[in-house]
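Some notes on the structure that comes next.
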Amino acid sequence: MNIQIVTVGKLKEKYLVQGIAEYLKRLGAYAKVTIVEVPDEKAPEVLSDAEMKQVKDKEGARILAKIPDDAHVIALAIDGKMKSSEEFAADLDKLATYGKSKVTFVIGGSLGLSEAVLKRSNERISFGRLTLPHQLMRLVLVEQVYRAFRIVRGEPYHK
């Protein structure tokens, strides 16, 4: 399985870089996982609704340019479906079983995802109702993908 994670902004925090690198190394035994960063749109601290939409649209265009046409796209969105780790693992396994070898996860910037990206996605998932920094979501996502492969293979880790 080829898994791509398209995310907005450059990761700067050393502890997150190290954590993600560790999980990417572990995931190498199960899948090819790549992270694609697109530049975030510079914006003032306080934005009108129209300005927020404009920022999300610009970031969204950058995201869409990185998604392969044949990818199954999973958007991480606060309004997405919440799943247990076991459900997430089963869903990833089903994608592989039904020939969806390219899976792209999308993590938006601090304002979220554009409507165009959400429309392009095949599904939306949420890791909870909490608002988390989008940089931290990268680490949470790669850990959950790793956990999913371990669960599917019946390997110890997920308890």
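A Cβ is built for glycine as well, from the same backbone N, Cα and C atoms used for every other residue.
Not measured: the values here are computed from a predicted model.
What Swiss-Prot records for the S-adenosyl-L-methionine site is Leu76, Phe127, Gly128, Arg129, Leu130, Thr131, Leu132, and among Gly99, Gly108, Gly154 the residue it adds there is Gly108. Under a cutoff of 8 A between CB atoms, and with a sequence separation of 6+ in the same chain, the neighbours of Leu132 (S-adenosyl-L-methionine binding site) are Val140. Take Leu76, Gly108, Phe127, Gly128, Arg129, Leu130, Thr131, Leu132, the residues named in the record as contacts for S-adenosyl-L-methionine: the widest Cα to Cα gap among them comes to 16 Å. Local packing around the binding-site residues Leu76, Leu130 was summarised as the count of other Cβ atoms within 10 Å of each Cβ; on this measure the leading residue is Leu76.
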